[in-house]
(Lines of atoms letter the chains of each structure in order from A and count residues from 1; the text may use other names and numbers.)
(Lines give C-alpha, C1' and ligand atoms only; values in the text may rest on other atoms or scores of the structure.)
Protein backbone atom coordinates (compact mmCIF):
# COMPACT_ATOMS: atom_id res chain seq x y z
CA UNK A 1 0.00 0.00 0.00
CA UNK A 2 2.74 2.47 0.99
CA UNK A 3 4.71 1.64 -2.14
CA UNK A 4 1.66 2.31 -4.27
CA UNK A 5 1.11 5.67 -2.65
CA UNK A 6 4.78 6.49 -2.98
CA UNK A 7 4.87 5.52 -6.66
CA UNK A 8 1.79 7.61 -7.27
CA UNK A 9 3.32 10.73 -5.82
CA UNK A 10 6.78 10.33 -7.29
CA UNK A 11 5.27 10.34 -10.79
CA UNK A 12 6.88 11.32 -14.13
CA UNK A 13 10.19 10.31 -15.70
CA UNK A 14 13.05 12.49 -14.44
CA UNK A 15 15.52 14.16 -16.76
CA UNK A 16 19.22 13.25 -16.56
CA UNK A 17 19.98 16.15 -14.22
CA UNK A 18 16.97 15.40 -12.08
CA UNK A 19 18.11 11.76 -12.01
CA UNK A 20 21.49 12.79 -10.59
CA UNK A 21 19.78 14.98 -8.00
CA UNK A 22 17.44 12.19 -7.03
CA UNK A 23 20.41 9.84 -6.72
CA UNK A 24 22.11 12.31 -4.41
CA UNK A 25 18.85 12.71 -2.49
CA UNK A 26 18.56 8.95 -2.08
CA UNK A 27 22.19 8.89 -0.86
CA UNK A 28 21.21 11.43 1.78
CA UNK A 29 18.15 9.36 2.57
CA UNK A 30 20.35 6.29 3.15
CA UNK A 31 22.63 8.37 5.40
CA UNK A 32 19.60 9.54 7.38
CA UNK A 33 18.32 5.98 7.74
CA UNK A 34 21.75 4.82 8.90
CA UNK A 35 21.86 7.62 11.42
CA UNK A 36 18.46 6.75 12.84
CA UNK A 37 19.36 3.04 12.95
CA UNK A 38 22.72 3.97 14.53
CA UNK A 39 21.89 3.36 18.19
CA UNK A 40 20.49 -0.12 17.50
CA UNK A 41 23.51 -1.00 15.33
CA UNK A 42 25.90 0.30 18.00
CA UNK A 43 24.06 -1.70 20.67
CA UNK A 44 24.30 -4.91 18.64
CA UNK A 45 28.01 -4.33 17.90
CA UNK A 46 28.58 -3.57 21.59
CA UNK A 47 26.81 -6.80 22.62
CA UNK A 48 28.88 -8.87 20.17
CA UNK A 49 32.18 -7.29 21.27
CA UNK A 50 31.36 -7.69 24.97
CA UNK A 51 30.21 -11.29 24.48
CA UNK A 52 33.51 -12.12 22.78
CA UNK A 53 35.80 -10.16 25.07
CA UNK A 54 34.27 -10.09 28.56
CA UNK A 55 34.12 -13.37 30.44
CA UNK A 56 30.71 -14.13 32.01
CA UNK A 57 28.98 -11.37 30.05
CA UNK A 58 26.64 -13.39 27.86
CA UNK A 59 25.39 -15.84 30.48
CA UNK A 60 21.72 -16.26 31.44
CA UNK A 61 22.49 -15.08 34.95
CA UNK A 62 24.25 -11.91 33.84
CA UNK A 63 21.62 -11.09 31.22
CA UNK A 64 18.97 -11.50 33.91
CA UNK A 65 21.10 -9.18 36.10
CA UNK A 66 21.27 -6.54 33.40
CA UNK A 67 17.52 -6.71 32.82
CA UNK A 68 16.87 -6.21 36.54
CA UNK A 69 19.40 -3.38 36.74
CA UNK A 70 18.00 -1.43 33.82
CA UNK A 71 14.32 -1.82 34.79
CA UNK A 72 14.13 1.39 36.84
CA UNK A 73 16.09 3.46 34.31
CA UNK A 74 13.97 2.08 31.44
CA UNK A 75 10.60 2.75 33.09
CA UNK A 76 11.51 6.28 34.16
CA UNK A 77 13.19 6.95 30.77
CA UNK A 78 9.90 6.10 29.03
CA UNK A 79 8.24 8.97 30.92
CA UNK A 80 11.24 11.22 30.38
CA UNK A 81 11.01 10.43 26.67
CA UNK A 82 7.45 11.79 26.51
CA UNK A 83 8.57 14.98 28.27
CA UNK A 84 11.54 15.40 25.92
CA UNK A 85 9.16 14.93 22.97
CA UNK A 86 7.40 18.12 24.11
CA UNK A 87 10.76 20.01 24.08
CA UNK A 88 10.85 19.71 27.86
CA UNK A 89 12.99 18.07 30.49
CA UNK A 90 12.22 16.49 33.86
CA UNK A 91 15.13 16.89 36.26
CA UNK A 92 13.04 15.84 39.26
CA UNK A 93 12.68 12.13 38.37
CA UNK A 94 15.29 10.81 40.82
CA UNK A 95 14.02 12.85 43.77
CA UNK A 96 10.43 12.08 42.81
CA UNK A 97 11.21 8.35 42.87
CA UNK A 98 12.96 8.64 46.25
CA UNK A 99 10.01 10.53 47.76
CA UNK A 100 7.61 7.89 46.40
CA UNK A 101 9.62 5.04 47.99
CA UNK A 102 9.69 6.89 51.33
CA UNK A 103 5.93 7.52 51.23
CA UNK A 104 5.42 3.86 50.23
CA UNK A 105 7.56 2.72 53.19
CA UNK A 106 5.62 5.01 55.54
CA UNK A 107 2.33 3.66 54.22
CA UNK A 108 3.64 0.10 54.80
CA UNK A 109 3.90 0.98 58.50
CA UNK A 110 0.19 1.77 58.46
CA UNK A 111 -1.00 -1.13 56.30
CA UNK A 112 0.57 -4.14 54.60
CA UNK A 113 -1.95 -3.98 51.77
CA UNK A 114 0.30 -4.03 48.68
CA UNK A 115 -2.22 -2.23 46.50
CA UNK A 116 -2.53 0.69 48.90
CA UNK A 117 1.26 0.94 49.18
CA UNK A 118 1.63 0.79 45.38
CA UNK A 119 -1.20 3.31 44.95
CA UNK A 120 0.57 5.66 47.36
CA UNK A 121 3.78 5.48 45.32
CA UNK A 122 1.97 6.00 42.01
CA UNK A 123 -0.05 8.88 43.41
CA UNK A 124 3.04 10.52 44.91
CA UNK A 125 4.85 10.28 41.57
CA UNK A 126 1.92 11.66 39.59
CA UNK A 127 1.41 14.48 42.12
CA UNK A 128 5.00 15.71 41.79
CA UNK A 129 4.59 15.47 38.00
CA UNK A 130 1.40 17.51 38.22
CA UNK A 131 3.17 20.20 40.25
CA UNK A 132 5.91 20.32 37.59
CA UNK A 133 3.41 20.66 34.76
CA UNK A 134 1.04 23.11 36.46
CA UNK A 135 3.76 25.50 37.67
CA UNK A 136 5.55 25.32 34.29
CA UNK A 137 2.41 26.06 32.27
CA UNK A 138 0.34 28.33 34.48
CA UNK A 139 3.33 29.97 36.15
CA UNK A 140 4.38 30.89 32.58
CA UNK A 141 7.94 29.74 33.17
CA UNK A 142 10.23 30.08 30.17
CA UNK A 143 11.52 26.52 30.46
CA UNK A 144 10.66 23.43 32.57
CA UNK A 145 14.32 23.24 33.64
CA UNK A 146 13.64 25.70 36.47
CA UNK A 147 10.58 24.09 38.01
CA UNK A 148 11.85 20.52 37.72
CA UNK A 149 15.15 21.63 39.28
CA UNK A 150 13.13 23.16 42.12
CA UNK A 151 11.01 20.03 42.62
CA UNK A 152 14.21 17.95 42.53
CA UNK A 153 15.31 19.86 45.61
CA UNK A 154 11.88 20.00 47.25
CA UNK A 155 11.09 16.29 46.74
CA UNK A 156 14.53 15.19 47.95
CA UNK A 157 14.25 17.46 50.99
CA UNK A 158 10.76 16.21 51.72
CA UNK A 159 11.90 12.59 51.40
CA UNK A 160 14.76 13.22 53.87
CA UNK A 161 12.42 15.05 56.25
CA UNK A 162 9.78 12.32 56.15
CA UNK A 163 12.31 9.53 56.69
CA UNK A 164 13.44 11.27 59.89
CA UNK A 165 17.12 10.69 59.38
CA UNK A 166 16.83 7.07 58.25
CA UNK A 167 18.67 6.34 55.04
CA UNK A 168 16.84 3.04 54.69
CA UNK A 169 13.26 2.32 55.73
CA UNK A 170 13.06 -1.46 55.75
CA UNK A 171 10.05 -3.49 54.71
CA UNK A 172 7.72 -3.76 51.72
CA UNK A 173 4.64 -5.94 51.08
CA UNK A 174 5.40 -9.36 49.56
CA UNK A 175 3.68 -8.49 46.28
CA UNK A 176 5.97 -5.49 45.80
CA UNK A 177 9.11 -7.44 46.63
CA UNK A 178 7.97 -10.08 44.13
CA UNK A 179 7.50 -7.42 41.44
CA UNK A 180 10.83 -5.72 42.10
CA UNK A 181 13.02 -8.67 43.09
CA UNK A 182 11.31 -11.87 41.93
CA UNK A 183 11.76 -13.83 38.73
CA UNK A 184 9.45 -15.85 36.49
CA UNK A 185 11.01 -18.58 34.33
CA UNK A 186 14.43 -17.04 35.03
CA UNK A 187 13.34 -13.61 33.80
CA UNK A 188 13.13 -10.79 36.38
CA UNK A 189 9.54 -9.72 37.01
CA UNK A 190 10.67 -6.10 36.77
CA UNK A 191 11.40 -6.77 33.11
CA UNK A 192 7.71 -7.54 32.56
CA UNK A 193 6.89 -4.23 34.27
CA UNK A 194 9.11 -2.49 31.70
CA UNK A 195 7.31 -4.33 28.90
CA UNK A 196 3.91 -3.31 30.27
CA UNK A 197 4.83 0.37 30.60
CA UNK A 198 6.47 0.28 27.15
CA UNK A 199 3.31 -1.22 25.65
CA UNK A 200 1.22 1.53 27.26
CA UNK A 201 3.54 4.28 25.98
CA UNK A 202 3.60 2.65 22.54
CA UNK A 203 -0.19 2.63 22.29
CA UNK A 204 -0.41 6.24 23.51
CA UNK A 205 2.22 7.50 21.10
CA UNK A 206 1.04 5.57 18.07
CA UNK A 207 -2.73 5.18 18.37
CA UNK A 208 -4.12 7.76 20.79
CA UNK A 209 -4.99 11.39 19.98
CA UNK A 210 -3.13 12.59 23.08
CA UNK A 211 0.06 10.95 21.75
CA UNK A 212 -0.32 12.76 18.42
CA UNK A 213 -0.75 16.03 20.32
CA UNK A 214 2.45 15.37 22.29
CA UNK A 215 4.37 15.11 19.00
CA UNK A 216 2.61 18.21 17.64
CA UNK A 217 3.36 20.31 20.73
CA UNK A 218 7.02 19.22 20.58
CA UNK A 219 7.21 19.83 16.85
CA UNK A 220 5.74 23.34 16.71
CA UNK A 221 4.13 24.68 19.92
CA UNK A 222 2.77 27.90 18.33
CA UNK A 223 1.25 26.03 15.41
CA UNK A 224 -0.26 23.54 17.85
CA UNK A 225 -2.12 26.38 19.59
CA UNK A 226 -3.32 27.79 16.27
CA UNK A 227 -4.53 24.34 15.22
CA UNK A 228 -6.69 24.12 18.33
CA UNK A 229 -4.63 21.62 20.33
CA UNK A 230 -5.04 22.15 24.13
CA UNK A 231 -1.30 22.72 24.57
CA UNK A 232 -1.44 23.50 28.31
CA UNK A 233 -3.36 20.35 29.15
CA UNK A 234 -1.04 18.27 26.96
CA UNK A 235 2.02 19.62 28.80
CA UNK A 236 0.58 19.13 32.31
CA UNK A 237 -0.57 15.59 31.52
CA UNK A 238 2.82 14.72 30.02
CA UNK A 239 4.65 15.79 33.20
CA UNK A 240 2.10 13.80 35.20
CA UNK A 241 2.83 10.76 33.04
CA UNK A 242 6.55 11.20 33.70
CA UNK A 243 5.75 11.40 37.43
CA UNK A 244 3.61 8.27 37.18
CA UNK A 245 6.56 6.44 35.59
CA UNK A 246 8.65 7.54 38.60
CA UNK A 247 5.96 5.94 40.79
CA UNK A 248 6.27 2.69 38.84
CA UNK A 249 10.07 2.95 39.12
CA UNK A 250 9.66 3.43 42.87
CA UNK A 251 7.62 0.21 43.13
CA UNK A 252 10.29 -1.72 41.23
CA UNK A 253 13.23 -0.29 43.18
CA UNK A 254 11.65 -0.51 46.64
CA UNK A 255 10.53 -4.05 45.80
CA UNK A 256 14.03 -5.07 44.79
CA UNK A 257 15.60 -3.47 47.89
CA UNK A 258 12.65 -4.35 50.16
CA UNK A 259 12.90 -0.81 51.45
CA UNK A 260 12.28 2.84 50.79
CA UNK A 261 15.05 5.43 50.97
CA UNK A 262 15.40 9.19 50.51
CA UNK A 263 18.73 8.49 48.83
CA UNK A 264 17.36 6.37 45.98
CA UNK A 265 17.37 7.66 42.44
CA UNK A 266 20.57 9.68 42.78
CA UNK A 267 21.55 10.92 39.28
CA UNK A 268 18.55 9.08 37.79
CA UNK A 269 17.77 12.27 35.83
CA UNK A 270 21.18 11.98 34.16
CA UNK A 271 20.67 8.29 33.34
CA UNK A 272 17.17 8.74 31.93
CA UNK A 273 17.97 11.83 29.86
CA UNK A 274 21.08 10.03 28.62
CA UNK A 275 19.02 6.93 27.74
CA UNK A 276 16.58 8.97 25.65
CA UNK A 277 19.29 10.92 23.84
CA UNK A 278 21.70 8.00 23.39
CA UNK A 279 18.81 5.98 22.02
CA UNK A 280 18.44 8.52 19.23
CA UNK A 281 15.50 10.78 20.18
CA UNK A 282 15.94 14.47 19.41
CA UNK A 283 16.73 16.81 22.28
CA UNK A 284 14.97 19.52 20.28
CA UNK A 285 11.62 17.77 20.79
CA UNK A 286 9.04 16.18 18.54
CA UNK A 287 11.20 13.30 17.32
CA UNK A 288 11.78 9.89 18.78
CA UNK A 289 9.90 6.83 19.89
CA UNK A 290 9.88 4.53 22.87
CA UNK A 291 12.40 2.28 21.11
CA UNK A 292 14.95 5.07 21.50
CA UNK A 293 14.40 5.26 25.27
CA UNK A 294 14.59 1.48 25.64
CA UNK A 295 17.68 1.06 23.46
CA UNK A 296 19.36 3.89 25.38
CA UNK A 297 18.48 2.34 28.72
CA UNK A 298 19.79 -1.07 27.62
CA UNK A 299 22.97 0.54 26.30
CA UNK A 300 23.63 2.29 29.62
CA UNK A 301 22.90 -0.94 31.51
CA UNK A 302 25.16 -3.00 29.26
CA UNK A 303 28.05 -0.52 29.42
CA UNK A 304 27.80 -0.28 33.23
CA UNK A 305 27.59 -4.04 33.59
CA UNK A 306 30.54 -4.69 31.27
CA UNK A 307 32.69 -2.06 32.97
CA UNK A 308 31.80 -3.67 36.32
CA UNK A 309 32.78 -7.11 35.03
CA UNK A 310 36.05 -5.63 33.78
CA UNK A 311 36.61 -4.01 37.20
CA UNK A 312 36.68 -0.52 35.76
CA UNK A 313 36.03 2.03 38.48
CA UNK A 314 32.78 3.97 38.88
CA UNK A 315 34.33 7.33 37.97
CA UNK A 316 35.29 6.08 34.55
CA UNK A 317 31.72 4.83 34.01
CA UNK A 318 30.44 8.38 34.56
CA UNK A 319 32.98 9.73 32.08
CA UNK A 320 32.01 7.07 29.51
CA UNK A 321 28.28 7.87 29.78
CA UNK A 322 29.03 11.61 29.44
CA UNK A 323 31.13 11.11 26.32
CA UNK A 324 28.42 8.96 24.75
CA UNK A 325 25.81 11.69 25.42
CA UNK A 326 27.96 14.22 23.54
CA UNK A 327 28.30 11.82 20.58
CA UNK A 328 24.55 11.17 20.56
CA UNK A 329 23.66 14.88 20.57
CA UNK A 330 26.18 15.47 17.77
CA UNK A 331 24.51 12.77 15.69
CA UNK A 332 21.19 14.60 16.23
CA UNK A 333 22.79 17.82 14.94
CA UNK A 334 24.17 15.92 11.94
CA UNK A 335 20.73 14.46 11.23
CA UNK A 336 19.15 17.94 11.18
CA UNK A 337 21.89 19.13 8.82
CA UNK A 338 21.30 16.19 6.45
CA UNK A 339 17.57 16.84 6.50
CA UNK A 340 18.05 20.46 5.36
CA UNK A 341 20.25 19.25 2.51
CA UNK A 342 17.64 16.64 1.65
CA UNK A 343 15.01 19.40 1.39
CA UNK A 344 17.12 21.32 -1.11
CA UNK A 345 17.68 18.17 -3.17
CA UNK A 346 13.99 17.29 -3.14
CA UNK A 347 13.16 20.75 -4.45
CA UNK A 348 15.70 20.32 -7.25
CA UNK A 349 14.59 16.81 -8.15
CA UNK A 350 10.88 17.53 -8.27
CA UNK A 351 10.97 21.08 -9.65
CA UNK B 1 -20.94 40.08 -7.12
CA UNK B 2 -22.65 37.14 -5.45
CA UNK B 3 -23.97 37.24 -1.86
CA UNK B 4 -21.10 37.82 0.60
CA UNK B 5 -20.04 34.80 2.61
CA UNK B 6 -17.80 36.88 4.90
CA UNK B 7 -18.32 40.49 5.86
CA UNK B 8 -16.25 42.59 8.25
CA UNK B 9 -17.82 45.86 9.46
CA UNK B 10 -16.11 48.77 11.23
CA UNK B 11 -13.19 46.72 12.57
CA UNK B 12 -11.03 48.45 15.19
CA UNK B 13 -8.01 46.93 16.85
CA UNK B 14 -5.61 48.58 19.25
CA UNK B 15 -2.34 47.30 20.68
CA UNK B 16 -1.65 49.71 23.56
CA UNK B 17 -1.09 53.10 21.97
CA UNK B 18 -1.01 51.68 18.45
CA UNK B 19 -4.34 51.87 16.63
CA UNK B 20 -3.75 49.13 14.05
CA UNK B 21 -7.23 48.98 12.47
CA UNK B 22 -9.41 52.06 12.19
CA UNK B 23 -12.91 51.10 11.12
CA UNK B 24 -12.00 48.71 8.31
CA UNK B 25 -14.71 46.83 6.45
CA UNK B 26 -14.83 44.49 3.45
CA UNK B 27 -16.80 41.65 1.98
CA UNK B 28 -15.68 38.35 0.43
CA UNK B 29 -17.86 36.26 -1.85
CA UNK B 30 -17.89 32.62 -2.88
CA UNK B 31 -15.98 31.79 -6.05
CA UNK B 32 -13.87 34.94 -6.04
CA UNK B 33 -10.35 35.91 -5.02
CA UNK B 34 -10.13 39.08 -2.94
CA UNK B 35 -6.65 40.60 -2.79
CA UNK B 36 -5.83 42.43 0.43
CA UNK B 37 -3.11 44.94 -0.33
CA UNK B 38 -1.07 47.43 1.60
CA UNK B 39 2.44 48.41 2.58
CA UNK B 40 4.16 46.91 5.60
CA UNK B 41 2.34 48.09 8.73
CA UNK B 42 -0.87 48.89 6.83
CA UNK B 43 -2.89 46.48 9.00
CA UNK B 44 -3.37 43.56 6.58
CA UNK B 45 -1.97 40.88 8.87
CA UNK B 46 -3.77 42.32 11.93
CA UNK B 47 -7.07 42.27 10.02
CA UNK B 48 -6.49 38.69 8.93
CA UNK B 49 -5.47 37.62 12.43
CA UNK B 50 -8.71 39.10 13.77
CA UNK B 51 -10.77 37.23 11.16
CA UNK B 52 -8.92 33.97 11.83
CA UNK B 53 -9.31 34.23 15.61
CA UNK B 54 -5.69 34.89 16.63
CA UNK B 55 -6.71 38.36 17.94
CA UNK B 56 -10.16 39.54 18.98
CA UNK B 57 -11.61 42.76 17.51
CA UNK B 58 -11.94 45.70 19.92
CA UNK B 59 -14.91 47.05 17.95
CA UNK B 60 -16.74 45.96 14.84
CA UNK B 61 -18.51 42.86 13.58
CA UNK B 62 -17.69 39.75 11.61
CA UNK B 63 -20.61 38.24 9.70
CA UNK B 64 -20.71 34.82 8.09
CA UNK B 65 -23.47 34.52 5.51
CA UNK B 66 -25.19 37.53 7.06
CA UNK B 67 -25.07 36.23 10.65
CA UNK B 68 -22.90 37.90 13.29
CA UNK B 69 -20.34 35.50 14.74
CA UNK B 70 -18.01 35.85 17.73
CA UNK B 71 -14.53 34.79 16.66
CA UNK B 72 -12.20 34.79 19.66
CA UNK B 73 -10.06 31.72 18.99
CA UNK B 74 -8.59 30.00 15.91
CA UNK B 75 -10.86 27.04 16.66
CA UNK B 76 -13.93 29.33 16.56
CA UNK B 77 -12.83 30.72 13.19
CA UNK B 78 -12.42 27.24 11.78
CA UNK B 79 -15.75 26.23 13.25
CA UNK B 80 -17.27 29.14 11.32
CA UNK B 81 -15.74 27.80 8.09
CA UNK B 82 -12.69 30.09 7.88
CA UNK B 83 -9.38 28.36 7.08
CA UNK B 84 -6.09 30.24 7.19
CA UNK B 85 -2.75 29.48 5.58
CA UNK B 86 -0.35 31.41 7.79
CA UNK B 87 2.79 33.02 6.46
CA UNK B 88 4.91 30.70 8.61
CA UNK B 89 2.68 27.80 7.37
CA UNK B 90 2.11 26.45 10.92
CA UNK B 91 3.20 23.00 9.76
CA UNK B 92 4.59 20.29 12.01
CA UNK B 93 7.94 19.29 10.55
CA UNK B 94 7.98 16.04 12.50
CA UNK B 95 4.66 14.79 11.10
CA UNK B 96 3.64 13.45 7.70
CA UNK B 97 1.38 15.44 5.35
CA UNK B 98 -1.70 13.43 6.39
CA UNK B 99 -0.89 13.89 10.09
CA UNK B 100 -0.45 17.62 9.45
CA UNK B 101 -3.80 17.86 7.69
CA UNK B 102 -5.72 16.53 10.64
CA UNK B 103 -3.57 17.79 13.53
CA UNK B 104 -5.92 19.27 16.13
CA UNK B 105 -8.93 17.86 14.26
CA UNK B 106 -8.07 14.20 14.24
CA UNK B 107 -10.66 11.71 13.07
CA UNK B 108 -11.03 9.50 16.12
CA UNK B 109 -13.20 7.04 17.97
CA UNK B 110 -15.09 6.11 20.15
CA UNK B 111 -16.97 9.38 20.49
CA UNK B 112 -18.00 8.83 24.11
CA UNK B 113 -14.39 9.19 25.29
CA UNK B 114 -12.82 12.64 25.88
CA UNK B 115 -11.17 13.78 22.64
CA UNK B 116 -7.58 13.33 23.85
CA UNK B 117 -8.16 9.73 24.90
CA UNK B 118 -9.79 8.57 21.68
CA UNK B 119 -8.06 6.28 19.19
CA UNK B 120 -6.81 7.74 15.91
CA UNK B 121 -8.65 6.70 12.75
CA UNK B 122 -5.30 6.74 10.92
CA UNK B 123 -6.33 4.70 7.88
CA UNK B 124 -9.28 6.98 7.15
CA UNK B 125 -7.18 10.13 7.64
CA UNK B 126 -4.46 8.78 5.32
CA UNK B 127 -6.87 7.85 2.55
CA UNK B 128 -8.79 11.13 2.74
CA UNK B 129 -5.58 13.16 2.78
CA UNK B 130 -4.27 11.17 -0.21
CA UNK B 131 -7.50 11.94 -2.07
CA UNK B 132 -7.08 15.69 -1.45
CA UNK B 133 -3.43 15.59 -2.53
CA UNK B 134 -4.56 13.78 -5.66
CA UNK B 135 -7.41 16.22 -6.33
CA UNK B 136 -5.10 19.22 -6.02
CA UNK B 137 -2.40 17.49 -8.14
CA UNK B 138 0.27 18.15 -5.53
CA UNK B 139 3.47 16.22 -6.22
CA UNK B 140 5.23 14.98 -3.08
CA UNK B 141 8.41 12.87 -2.81
CA UNK B 142 6.80 10.53 -0.30
CA UNK B 143 3.39 10.64 1.22
CA UNK B 144 4.55 8.92 4.39
CA UNK B 145 7.67 11.08 4.95
CA UNK B 146 7.97 13.83 7.51
CA UNK B 147 7.26 17.33 6.21
CA UNK B 148 10.79 18.31 7.36
CA UNK B 149 12.16 16.49 4.32
CA UNK B 150 10.16 18.54 1.83
CA UNK B 151 11.02 21.67 -0.14
CA UNK B 152 9.54 25.14 0.44
CA UNK B 153 7.07 24.74 -2.42
CA UNK B 154 5.96 21.31 -1.29
CA UNK B 155 5.47 22.59 2.26
CA UNK B 156 3.46 25.54 0.98
CA UNK B 157 1.36 23.16 -1.11
CA UNK B 158 0.75 20.98 1.95
CA UNK B 159 -0.37 24.01 3.98
CA UNK B 160 -2.75 25.08 1.20
CA UNK B 161 -4.00 21.52 0.79
CA UNK B 162 -4.64 21.33 4.57
CA UNK B 163 -6.85 24.40 4.26
CA UNK B 164 -8.54 22.75 1.28
CA UNK B 165 -9.40 19.65 3.34
CA UNK B 166 -11.57 21.67 5.69
CA UNK B 167 -12.41 24.77 3.62
CA UNK B 168 -16.14 25.25 3.60
CA UNK B 169 -16.53 28.99 3.13
CA UNK B 170 -13.42 31.15 3.34
CA UNK B 171 -9.72 30.47 2.77
CA UNK B 172 -7.22 33.15 3.80
CA UNK B 173 -3.66 32.99 2.47
CA UNK B 174 -1.02 35.27 3.99
CA UNK B 175 1.85 35.87 1.53
CA UNK B 176 1.74 32.31 0.16
CA UNK B 177 4.44 32.84 -2.46
CA UNK B 178 6.79 35.16 -0.55
CA UNK B 179 9.48 32.54 0.03
CA UNK B 180 9.10 30.60 -3.22
CA UNK B 181 10.85 30.49 -6.57
CA UNK B 182 9.01 31.02 -9.88
CA UNK B 183 8.15 27.38 -10.54
CA UNK B 184 6.94 26.72 -7.02
CA UNK B 185 4.94 29.98 -6.98
CA UNK B 186 3.18 28.91 -10.15
CA UNK B 187 2.04 25.68 -8.53
CA UNK B 188 0.71 27.50 -5.48
CA UNK B 189 -1.15 30.01 -7.68
CA UNK B 190 -2.78 27.11 -9.50
CA UNK B 191 -3.86 25.69 -6.14
CA UNK B 192 -5.39 29.03 -5.16
CA UNK B 193 -7.33 29.14 -8.42
CA UNK B 194 -8.56 25.64 -7.73
CA UNK B 195 -9.76 26.58 -4.23
CA UNK B 196 -11.68 29.49 -5.80
CA UNK B 197 -13.17 27.24 -8.47
CA UNK B 198 -14.36 24.86 -5.77
CA UNK B 199 -16.60 27.66 -4.48
CA UNK B 200 -14.56 29.14 -1.64
CA UNK B 201 -14.11 32.83 -1.00
CA UNK B 202 -10.32 33.25 -1.18
CA UNK B 203 -8.60 36.18 0.53
CA UNK B 204 -5.06 36.65 -0.71
CA UNK B 205 -2.49 38.86 0.98
CA UNK B 206 0.41 39.54 -1.32
CA UNK B 207 2.93 42.15 -2.37
CA UNK B 208 3.19 40.69 -5.85
CA UNK B 209 1.11 42.82 -8.24
CA UNK B 210 1.50 40.28 -11.04
CA UNK B 211 -0.32 37.73 -8.93
CA UNK B 212 -3.03 40.26 -8.07
CA UNK B 213 -3.63 41.04 -11.75
CA UNK B 214 -3.65 37.36 -12.63
CA UNK B 215 -5.90 36.02 -9.89
CA UNK B 216 -7.85 38.70 -8.03
CA UNK B 217 -11.46 39.57 -8.82
CA UNK B 218 -11.32 42.52 -6.44
CA UNK B 219 -8.62 44.29 -4.47
CA UNK B 220 -9.00 46.09 -1.15
CA UNK B 221 -6.19 48.46 -0.15
CA UNK B 222 -5.27 49.33 3.43
CA UNK B 223 -2.99 52.11 4.56
CA UNK B 224 -2.10 52.99 8.15
CA UNK B 225 -5.07 51.06 9.48
CA UNK B 226 -7.64 52.61 7.12
CA UNK B 227 -9.29 51.10 4.09
CA UNK B 228 -8.25 53.58 1.37
CA UNK B 229 -9.78 52.00 -1.69
CA UNK B 230 -11.25 49.05 -3.52
CA UNK B 231 -10.86 48.17 -7.19
CA UNK B 232 -12.95 45.70 -9.17
CA UNK B 233 -11.12 43.44 -11.65
CA UNK B 234 -7.54 44.61 -11.10
CA UNK B 235 -5.70 44.62 -14.44
CA UNK B 236 -2.66 46.11 -16.10
CA UNK B 237 -4.44 49.38 -16.83
CA UNK B 238 -5.48 50.07 -13.22
CA UNK B 239 -2.39 48.50 -11.63
CA UNK B 240 -0.80 51.94 -11.28
CA UNK B 241 -3.88 53.18 -9.39
CA UNK B 242 -3.51 50.30 -6.96
CA UNK B 243 0.17 51.02 -6.39
CA UNK B 244 -0.64 54.70 -5.88
CA UNK B 245 -3.25 53.78 -3.26
CA UNK B 246 -0.81 51.47 -1.50
CA UNK B 247 1.94 54.08 -1.20
CA UNK B 248 -0.44 57.03 -0.68
CA UNK B 249 0.33 58.95 -3.86
CA UNK B 250 -3.21 59.34 -5.26
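Here the Cβ of each residue, glycine as well, is placed from N, Cα and C on the backbone.
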When TrEMBL marks a stretch as transmembrane segment, which of A:66-85, A:146-165 is it?
A:66-85
Name the residue range among A:13-33, A:34-54 that TrEMBL annotates as transmembrane segment.
A:34-54
Who are the long-range neighbours of the transmembrane segment (A:267-285) in its own chain, taking Cβ under 8 Å and residues 6 or more past its ends?
36, 38-39, 72-74, 76-77, 79-81, 84-94, 97, 152, 218-219, 249, 291-297, 299-300, 321, 324-325, 328-329, 331-332, 335-336
Output the single range from A:66-85, A:91-108, A:115-139, A:191-214, A:314-334 maximising the number of Cβ pairs under 8 Å to the transmembrane segment (A:234-255).
A:115-139
By Cβ distance under 8 Å, which residues at least 6 away from the ends of the transmembrane segment (A:191-214) in the same chain are close to it?
67-68, 70-71, 74-75, 78, 81-82, 85-86, 179, 184, 224, 229-230, 234, 237-238, 245, 248, 251-252, 289-290, 294
In the same chain, which residue numbers or ranges, 6 or more beyond the ends of the transmembrane segment (A:66-85), come under 8 angstroms Cβ to Cβ?
93, 97, 129, 144, 181, 187-188, 190-191, 193-194, 197-198, 201, 204-205, 214-215, 218, 238-239, 241-246, 248-249, 252-253, 256, 265, 268-269, 271-273, 275-277, 281, 283, 285-288, 290, 292-294, 296-298, 300-302, 304-305
Flag the pair the transmembrane segment (A:91-108) / the transmembrane segment (A:34-54) as in contact if three or more Cβ pairs fall under 8 Å (sequence separation 6 or more).
no
In the same chain, which residue numbers or ranges, 6 or more beyond the ends of the transmembrane segment (A:115-139), come under 8 angstroms Cβ to Cβ?
79, 88, 90, 92, 96-97, 99-101, 103-104, 107-108, 147-148, 151, 155, 172-173, 175-176, 232, 235-251, 254
